[in-house]
Amino acid sequence: GQPKAAPSVTLFPPSSEELQANKATLVCLISDFYPGAVKVAWKADGSPVNTGVETTTPSKQSNNKYAASSYLSLTPEQWKSHRSYSCQVTHEGSTVEKTVAPAECS
């Protein structure tokens, strides 16, 4: 079999264009992991978020490792009313967490 590979996680905040259109979507990209099973949890200021979450099924990359993404749909009000949002990825018992904070000035 293949050696285990820990996922690399990238978290993108909502774009300013999106916020102007009165939407806010956070995107958590999870890539280069093996085996192809991950658990994704979202948090707002450290408390779990369960609504508006959509996570894709991991798909195999050309290098035989897996990639997945998770989306969190918010309103701009929700986005601005928290200090930080985190995407927490659990893979093979270890956890990677990435956090974004709304920009103070927008």
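Positions of Cβ are set from backbone N, Cα and C atoms, glycine also.
Here is what Swiss-Prot records for this protein:
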- CYS28-CYS87: disulfide bond (DISULFID)
- 7-101: domain 'Ig-like' (DOMAIN)
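The number of other Cβ atoms within 10 Å of the Cβ belonging to CYS87 (disulfide bond), over all protein chains shown, comes to 29. In terms of DSSP secondary structure, the domain 'Ig-like' (7-101) contains 10 helix, 53 strand, 32 coil.
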